[in-house]
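**Q** Handing you this structure, nothing more for now.
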Amino acid sequence: MSRFKQVIKEGKILYIETNALGQSLLTTPKLNKGSAFSEQERQQFHLLGKLPYRIETLDEQVLRIYQQFLRKGNDIQKHVYLRSLHDTNETLFYKLVIQNLKEMLPIIYTPTVGKAVEQFSHAFRRPRGLYVAYPDRDRIDEIIENRLNPEVDIIVITDGEGVLGIGDQGIGGMDICIAKLMVYVICGGANPHRLLPIQIDVGTNNEKLLNDPMYLGWRHKRLVGKEYDDMIERTVAAIQRKLPHVYLHWEDFGRENARRNLQRYQEHFCTFNDDMQGTGAVTLAALLTAIKQTKLPLTEQRIVILGAGTAGTGIADQLCAGMMRAGLTREEALARFWLVDKQGLLTEQSADLTEFQKPYARHSVRAMNLETVVREIKPTVLIGCSSQAGAFNEVIVKAMASGVHRPIIFPLSNPTEKAEATPLDLLHWTEGRALIATGSPFGSVEFQGKTFCISQCNNALIYPGIGLGIVIAKAARLSDAMLWEACKALSYYAINTESFNAALLPDFDQIHAISQRIALAVAEQARKEGLSSVSDMVDFTQAIENQFWLPKYYDYRYSSRL
């Protein structure tokens, strides 16, 4: 447990009590102020002579750190530098990133974090979070007790099997959990003293890792079946015993386990799968904006999705739920979807259909590849979650564009080199008519004298706000209606929706206002459904304002009672 305590009144942090002194204080990232310790604090906490004489402000520290950041030669060096800062002085790290969000978010999060995950064991410097390995399965309660932060609002947990577009990375998945929690703080005002990343280590099937002498994880083939399920059950049960009100965010589980784990536990406590629900929610928000341009209602869209794994079916589920809220029956909504995987169109005759794919399997007995599906269906929406670079080629895109005036095309695979198409190619092939959102950042595109703002369908636009709403409302679980309200709140912030070449999602410049609006929508819906344990007298707007964490240095008071 920690050696410090935040003293909070009405959601606001007043000051911090700690019994850490001297070098212990300087080496605790959550407490270290570096050159910003006041003269009084230097005396009280035995820091005299341990720091240069000059006392700096947080803003002055940021200027120096930013100059150091700019001297790094490439994105992975910048990522390593920022992670080192995070492990040295969290407050300074968050202040720097928030002030330079658009520049630094792709460095600490996608796409750069994928490269860091692959290098996890070789680049390992300092532990963070908790590692729950299968050989320790009888000691999980003890592991949870060893957490740094006594009070925890949000856990991000992974088994590292389905990381981004790079697959099984074993224990390297911890870097994704850490990055996700950074984004909760940066974009959603989560209190960094109340977060916990957890890596469940059930082995890996990545032969490169198994044969790597530096691999830090349990060197064993990945558990499956009853052994795997038992390990998940033991971990979740320990979390429920020790942290019964925590919000559990599942991240980067394999396609078979992601949905099973969510469905198994979502009715018992508040839990969320970002790869399924987060990706689906931000995609639905972008689509809600796009259809304002096309004037064709959601219920009349014909949607083709390339990639029928966790992300593809998760997106389909969210869009299908949206159609049902707009008036369709489940059967009518499912009939608006065509899912295509490596073997072609999903049909009832497709081999090895998973339970979550079966609702989308078509009655057709004829094998159809993506090009054939597009030519015959004439989709209004084409979404890529395949990790197949260039899968949306000129022939396919032109075939789609021939049947619809404003084709909606979302190549969502990441990292960037795995995108199904580039925005510039899509604009060329559709004569500038395509409505585009991508999974990786592409920036603006110049075409025929116009600037097209290309939105990134970045889950960071929506999941931090959802988490904030859950925490504020102390919600018992996350309902479909709460996700729907989050989608609408995000789409509301898309600007100039009547402009031909406008972005489909808002910019990160507004992310704090966006997250607060999403949080309010989620919290109010939780209250409406009876899922909030907060008194009806509580003003959620004021509560969000009070609890929204922003980086600043708080006064420290010594306490021997901790």
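Heads up, the Cβ atoms here are built off N, Cα and C, so glycines get one too.
Owing to the predicted nature of the structure, the values given are computational and were not obtained by experimental measurement.
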**Q** Could you look at Asp201, Asp212, Asp275 and say which one TrEMBL places alongside Glu251, Asp252 in the divalent metal cation site?
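**A** The record-listed residue among the candidates is Asp275.
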**Q** Counting Cβ neighbours within 10 Å across all chains shown, tell me which of the recorded positions Lys180, Asp275, Asn414 comes out on top.
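**A** Counting Cβ neighbours within 10 Å, the top one is Lys180.
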**Q** From the Cα of Tyr109 (active site, proton donor) across to the Cα of Lys180 (active site, proton acceptor), what is the distance in angstrom?
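**A** Rounded to the nearest whole number, the Cα-Cα distance is 7 Å.
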**Q** Using an 8 Å cut-off from the Cβ centroid of Glu251, Asp252, Asp275, can you name the remaining same-chain residues around the divalent metal cation site, in sequence order?
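**A** Filtered neighbour residues, in order: Thr158, Gly162, Val163, Ile176, Trp250, Phe253, Ala258, Asn273, Asp274, Thr310.
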**Q** Taking the Cβ of Asp252 (divalent metal cation binding site) as the reference point, list residues of the same chain whose Cβ is under 8 angstroms away and which are at least six residues distant in sequence.
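**A** Result: Thr158, Asp159, Gly160, Glu161, Gly162, Val163, Leu164, Gly173, Ile176, Asp275.
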**Q** Which whole-number mean pLDDT does the model give the domain 'Malic enzyme NAD-binding' (276-527)?
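**A** The average pLDDT of the model in the domain 'Malic enzyme NAD-binding' (276-527) works out to 93.
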**Q** What's the CA-CA gap between Asn458 ((S)-malate binding site) and Glu251 (divalent metal cation binding site) in angstrom, rounded?
**A** 15
**Q** State the count of C-beta atoms found within 10 angstroms of the C-beta of Glu251 (divalent metal cation binding site), not counting that atom itself.
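**A** Looking across every protein chain shown, the total is 27.
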